[in-house]
Amino acid sequence: MGAARRNAGHAGGARDAKRAPRRAPSAFKREAYFALEDVRRGNAVARVVGIALFALIVANAILVFAETQPGIPAGVSAALLAFGLASSVCFGLEYAARLWTADLVHPDASPARARMRYALSPMGIIDLLAFAPGLLVLFVPVSSSMLNAARIIRLVRLIKLSRYMRGLRSIARVFRKRRPEIVAAFMVLALLTVTASVLMYEIEHPVQPEKFDSVFTGMYWAMTIITTTGYGDLVPVTAAGRLVGFCTMLLSIGVVAIPAGIFSAGFVSEFRAQDARDRLDADALQGGFDERAAEGGPAEGGEADRDA
């Protein structure tokens, strides 16, 4: 009986410990969070760090093109290599900082679980790939093919721009919200493409078999017509083939306009919703910080300050 009470007491204490309020973050950690997640709410230093990370990503995108230029002097090539390695170090520090502030991004989870959620998230994996290959070549001997693969993997750094450009983030949300309409529009596009390609193959293959040798070639022709690319390498010569091409061009105007209208309406709705989310997030985050401070939880580093 006593053991049961002790076990119950231990269980109750564990539950109380789980319900214990988390300590308020230090000012430094809060500004680090702002620098990584929302520079508009940080101080001047946080804004500078956020802008520097954005500029570093853009500079690395330019570096990918600069490295492929022929006839680069040895000194410039060495400088580009050093800049790439320094960028990998900076992105590694950013990854560590994001792990550290993950509990502020996911306040509903424990610090360990929040860091795990970030590390396993798509953006966490992208952040890892942004610096790991660049640092790996410093410690592991690699062949030229592996070095080229590491350079290609560095292109994932461009995806990191989605954190700093709301328009890029909005694209994914529009796809999720308008998925049924987008799928229906592309089904109509696929139906028009397949129908036009089969008709063109059946009509033109007997006349010019070397041009329209399969339905897949007809599908290539249909896509060049629907997208108004007009390469000119495949041209119908029969009257029926030209009629099919004329009808395909007319129908493609409406078929292409449908997804454009869906995306336009989706972007307008998303931008309005994003503005509302920004206001709610700002109020909720500031309210959470104020609530933790009011509960009497010492900020991180507070005990050290008092000891000093």
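Cβ from N, Cα, C; glycine included.
Features as listed in TrEMBL:
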REGION    1-23  region 'Disordered'
TRANSMEM  44-66  transmembrane segment
DOMAIN    48-270  domain 'Ion transport'
TRANSMEM  72-97  transmembrane segment
TRANSMEM  118-139  transmembrane segment
TRANSMEM  182-201  transmembrane segment
TRANSMEM  243-269  transmembrane segment
REGION    289-308  region 'Disordered'
Recorded stretches the transmembrane segment (182-201) and the transmembrane segment (243-269) touching, at least 3 CB pairs under 8 Å: yes
Positions whose Cβ lies under 8 angstroms from the transmembrane segment (44-66), at least six residues beyond its ends: 31-32, 34-36, 72, 80, 83-84, 87, 90-91, 94, 151, 154-155, 157-158, 160-161, 164
Close approaches to the transmembrane segment (118-139) from elsewhere in its chain (Cβ under 8 angstroms; 6 or more beyond its ends): 84-85, 87-92, 94-95, 98-99, 102, 105-106, 147, 149-150, 153-154, 156-157, 159-160, 162-163
